[in-house]
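Enquirer: Structure in structure tokens, see below.
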Amino acid sequence: MNKKNTSKTPYRERFRHCNLEYTNERLWEQSYLKARCKELHLEEEYMKYKIRLMISSLTVFVPMLIILIIALQVIIWSFTEYSKYIYINAIFDLGSLILVTGLLSINFFEGFINRHRWVLTFTSTLSAYVVVLGDIAFNTYYYYKSDWPLNTLYDVFVLCMIYMFLPIPSSKAAALLAISVSLTYVIYFIHFMAFNEHNVAKYVHGLDIVSIDFFHYLGFNMMGIFFRIMNDTMVRSSFLDRYQFITEEIWLRQARRQESLLLDSILPPQIAKPIQKSIKEKIMRPDNDFYHLGTSRKAENFMSIQIHNDVSILYADLVNYTQLTTTLTVEKLVKVLHDLYARFDLAAVSFKVQRIKFLGDCYYCVAGLGEADPDHATMAVSLGISMIANIKEVSVNRSLNIGMRIGVHSGTLLAGVIGEAKLQYDIWGTDVNIASRLEATGSPGYVHVSGRTLSSLNAEEYRIYPGTEAAQKDPVLQKHPMSTYLLAVIPSRDSDNIINVVEGVPNLDLQTVGSNRKSQILKPDSLSDEMREEFRKMPVGGLKFQFPWSRRERNVKIEKVERDLGLYCVAFKDKSVEWNYLHQPDYIFKYSVALGWGIGCCLIYIQSVNNSDLFYTGVFIDIMAFFVLTFLLFICWYKKVCWWHSGQNELRSYGKLSCAIFHLFEKIQHSFVLRLTVYMMIIVCYYLVLSLILMSCEKDQYELDIIESKLYNYDMDPFTCFHPWAYTNMMVPDPGNELHLRPHTLRPQDLHRLH
């Protein structure tokens, strides 16, 4: 309903006019979930996950089937007086068990099943009919050999097996298989009624007894179809929620990688990590504490400064930069600088050199700063030669008269971050000043190095010239007497790796710069691979069979969930969480009520056929039960019918009565107590109808019939009170329906709201 219609609105105005709000219910519609999976191209991954779920169900069903057959045989052999007549029963049951387990075991080969998915439906169909035909064959054998009319034993079990455990991917295929099994049993029963002259029920009830079985199977098939549809809805919803969670988690990891890459492009990793931690602490700091910047905090006044003893510093400066600023427009100047610095950054990454910063036309960096590198001098000089080659290419391509002076010196420096409001990473030290002066006194087109740097190089790879006169007269360099040299690459040698001319990059992005880093941003293909891997790790339940000596793979998330849930009824151990869980709204409540109405109609029909003598009492209770069930159905489905009738138009305005019905249904949806009340009303209607079948039984007459049958040695009429199998058929759907009437449902994405 419209959010304006709140409880604060006066009662007379509350339901005067309203709009139909169907957004939350629509998220649970199976058509919407299927369309969403197709839209996101998740149908194939969903089918793989569903196959894993069905295989996990088989791990529960196969042991359960074995235990059931063994327990049944133990009971038969323990309580049957003439054991010589039941050997054939053991043969049929054990034969069916072997065939069914053999057929279903094929489905445990997940790789084979994913390639040949038709095997799932094929083996399931064969398994179901093995049990059905074995059941019918057993009864037929005793009918023709000993003239014993026996009722079928596994009809309800087969229907439960088809809908709940057999790995049939399609709900329609499961429904068709179950309906065909039901029709097989009905046809068998009709055949038994027609050709068995000793069947008293045929003369007492006629073909009405067949219709009882028909409605009995109809009720069970309704429950099975409901289970399949609701199960598919819950699984699809959970799968989409998982997809959303994984997508957001991958986006978060992507953002962290980009953050790390951005920070690594500015700071070395050993500096970046403490900075990231400091930023995180500042973000987590209370707002009212953020303004007290004047207070002294030892934890915040630290300076992340580190000493690096064996590095090479490179300073580079553009020649004729002043001329560029006067001859080029600002836009063209920025493009030229971007082209140059992009090339320099790419070359720096290639030679494992950490760029510190660039100031206008000055660019400086350090080799061996991030990780210790014995070839730091070679890397710095190679970068310098590459920068000279790149600036020559840019100069030719753009018709500019520019050059590059480069100075390289090896030694020790201090590197770190300073500042509070705005962090700044920089380097300091005497050797840093020397490298700066080597650049200032150098010659364009050459790398000006100190003697210390030259001693760390392979001199055969370069042309070496004496240093400049300006270097010999420089006061800073004179304080530290040294020899300087100008280096150029030898053209005759294979110097491709040294020059490393980088193609122009007009639009530089972080991914390109960091292509050689360990912390790359994932490509789209790797993203989908990561998504598939996360889907493969989704838990499916079932029994885990494992050898004692094999090592168990731990899943911390699953273990945490298991610790939070109790052993019985899968309830939360935390009572407050369980309370919040129970009071979550149930947006598929109307489907449970529709199932309750269908089962109730089947029970009313079965009762009316068996109790035709209770005309007035039976009709009154049946009509009352039918009215209550229909009223509940109307309340719960009126909103959806209006949604259909309006063509899914939420802007349509509804009158007072419709708004009152909408409001009542939403109250039921959001209230655990009201939902439980509705379920109790449905169950009371069931037991009122069931009680009618016992009202026709007169105790005195029944006892007299038993005494006379013993005295005069004749078979007593088994239908004196009621048809026992008809009562059984009425009782069996009732607890099954109660199991499917869930007081609450919850999507996995809402679990975090419970805490």
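Glycine too: its Cβ is placed from the backbone N, Cα and C atoms.
Straight from TrEMBL, here's the annotation block:
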type: DOMAIN; residues: 312-439; note: domain 'Guanylate cyclase'
type: TRANSMEM; residues: 53-79; note: transmembrane segment
type: TRANSMEM; residues: 85-106; note: transmembrane segment
type: TRANSMEM; residues: 118-142; note: transmembrane segment
type: TRANSMEM; residues: 148-166; note: transmembrane segment
type: TRANSMEM; residues: 173-194; note: transmembrane segment
type: TRANSMEM; residues: 214-230; note: transmembrane segment
type: TRANSMEM; residues: 588-608; note: transmembrane segment
type: TRANSMEM; residues: 614-638; note: transmembrane segment
type: TRANSMEM; residues: 672-695; note: transmembrane segment
Enquirer: From the DSSP assignment alone, can you count helix, strand and coil residues within the domain 'Guanylate cyclase' (312-439)?
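Expert: So the domain 'Guanylate cyclase' (312-439) is made up of 61 helix, 42 strand, 25 coil.
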Enquirer: Of the stretches 214-230, 614-638, 672-695, which racks up the most C-beta pairs under 8 Å with the transmembrane segment (588-608)?
Expert: 614-638
Enquirer: Verify whether three or more Cβ pairs under 8 angstroms connect the transmembrane segment (118-142) with the transmembrane segment (173-194), leaving out any pair fewer than 6 apart in sequence.
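Expert: With 3 or more qualifying Cβ pairs, these stretches touch.
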Enquirer: Sequence-remote contacts (6 or more beyond its ends) of the transmembrane segment (614-638), Cβ cut-off under 8 Å?
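Expert: For the transmembrane segment (614-638), the far contacts come to 589-590, 593-594, 596-597, 600-601, 604, 607-608, 658, 661-662, 664-665, 668, 678, 681-682, 685-686, 688-689, 692, 695-696.
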Enquirer: If we skip the immediate neighbours and take only residues 6+ beyond the ends of the transmembrane segment (148-166), which ones have a Cβ under 8 Å from one of its Cβ atoms?
Expert: 57-58, 60-61, 68, 104, 124, 127-128, 131-132, 134-136, 138-139, 142, 174, 177-178, 181-182, 185, 188-189, 192, 196, 198-199, 217, 220-221, 223-225, 227-228, 725, 732
Enquirer: If you average the pLDDT over the domain 'Guanylate cyclase' (312-439), what number do you get?
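Expert: Average per-residue pLDDT within the domain 'Guanylate cyclase' (312-439): 88.
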